[in-house]
Amino acid sequence: MFQRKTLQRRNLKGLNLNLHPDVGNNGQLQEKTETHQGQSRIEGHVMSNINAIQNNSNLFLRRGIKKKLTLDAFGDDQAISKPNTVVIQQPQNEPVLVLSSLSQSPCVSSSSSLSTPCIIDAYSNNFGLSPSSTNSTPSTIQGLSNIATPVENEHSISLPPLEESLSPAAADLKDTLSGTSNGNYIQLQDLVQLGKIGAGNSGTVVKALHVPDSKIVAKKTIPVEQNNSTIINQLVRELSIVKNVKPHENIITFYGAYYNQHINNEIIILMEYSDCGSLDKILSVYKRFVQRGTVSSKKTWFNELTISKIAYGVLNGLDHLYRQYKIIHRDIKPSNVLINSKGQIKLCDFGVSKKLINSIADTFVGTSTYMSPERIQGNVYSIKGDVWSLGLMIIELVTGEFPLGGHNDTPDGILDLLQRIVNEPSPRLPKDRIYSKEMTDFVNRCCIKNERERSSIHELLHHDLIMKYVSPSKDDKFRHWCRKIKSKIKEDKRIKREALDRAKLEKKQSERSTH
């Protein structure tokens, strides 16, 4: 059905996800069928068949389509003194951090009006946006043509006219769409859900197939509280930043988004899919193999060559964001660095990124675990804060443990961690293992508490650890490592699936024996 000539093949990279509500006086949905140049009109019975297999906009593979999927299967069998009290400086009339319970997103309170977006910290919501220093105005999100309001007709997405019945936030969202001239759009039935990638308090991420061009994408679904203009404004501002970032080898590509207001009240974002997942996922898979006894805990998956390539990809992506767009990521951690089997490193989730004003960002937001000392103390924050986070991430990758110890996500646990970051000595690679002088020096230069003494991104890009592995042969070795990781991830999924099947079978047998 997806292969009918009535479905036009489109390039997803040039996609604009535009939606239009078409509601009658009785509030019922009215179906519309878009006619395209060079295409015949979609027949009503085709649309009915599509509706029959659609369940909450999540479609699953049919047998005929499954044969078309050709994911690269590159399998490979190779294998302290008394601490001082932390003083958090909070400028007057500036946002201040409010730690809320785990069931809620931590926000930044302000004396400004409600229209000023609240900041959602990344440790409990990776999709939050940082506000600019001024209140939201149409100019801050001008030209955001890829965000739209929901489709009332489930089969097509097009630019809607403004409606008086919409909330102010939704109206502002539509204002950003005015002037969209690109006629490209996507049909919802073209997206086929393949499986879940991850889920959290802030939403879910699934792997999906765009059928017309056989493109695999990642689809994020972010629930939004009904008529919550604060959250919507945050997401609009964040997506406006991401949309304006042009494709780059070390930045995840943004394809489009739309706001589904009337059906599930959620924002859906489409972006580039990385088949090896995040560094955090790879680290979790490694730990499961260690627990099974099939991998030695003394032999890490992240050798020096791998660390060099990862560090270069992160630094190059950060440098691009800063030089071209004056953006600081501010949330560098394993879960926000993605890898694919082609050997590409990608930065994602600009959840607390902020466009710089006067080249300095001083708002207290971000993931507290990887937060630099100067941010905790309320000092001015620059791009060197991401360098600190990179150093902590490298230590975690090679050791398998966060260098500053564990903590809980309660306010007391977070405050204890912040005290340790400021008062304890700078993290270092463990002395009970052997690391090269290049690796040790690189980490030491990242994890310097005094920001002025900490190395810059430019300096680290020319560090011996990076330059040591710059060659085509080293690139080939890293791609080989990525393919092995992809194979290990598949193996881990198979083992977990088999264990689940055995558990279900044992449960059934136990229930039968009791009867």
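Cβ atoms here come from the backbone N, Cα and C positions, even for glycine.
Residues or ranges marked as active site, proton acceptor by Swiss-Prot: Asp331.
Cβ neighbour count for Ile197 (ATP binding site): 18 (other Cβ atoms within 10 Å of its Cβ, all protein chains included). As annotated by Swiss-Prot, ATP binding site applies to Ile197, Gly198, Ala199, Gly200, Asn201, Ser202, Gly203, Thr204, Val205, Lys220, with the evidence given as sequence analysis.
According to Swiss-Prot, the domain 'Protein kinase' annotation covers 191-466, on the basis of sequence analysis.
Positions annotated as phosphoserine by Swiss-Prot: Ser359.
Annotation source Swiss-Prot lists phosphothreonine at Thr363.
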In whole Å, how far does the CA atom of Val205 (ATP binding site) lie from that of Asp331 (active site, proton acceptor)?
18
Starting from each candidate's C-beta and looking 10 angstroms out, tell me which of the binding-site residues Ala199, Val205 has the most other C-beta atoms.
Val205
C-alpha of Ile197 (ATP binding site) to C-alpha of Asp331 (active site, proton acceptor): distance in Å?
20
Mind telling me which of the recorded positions Gly203, Asp331 has the densest Cβ neighbourhood, counting other Cβ atoms within 10 Å?
Asp331
Integer Cα-Cα distance in angstrom, Gly203 (ATP binding site) to Asp331 (active site, proton acceptor):
18
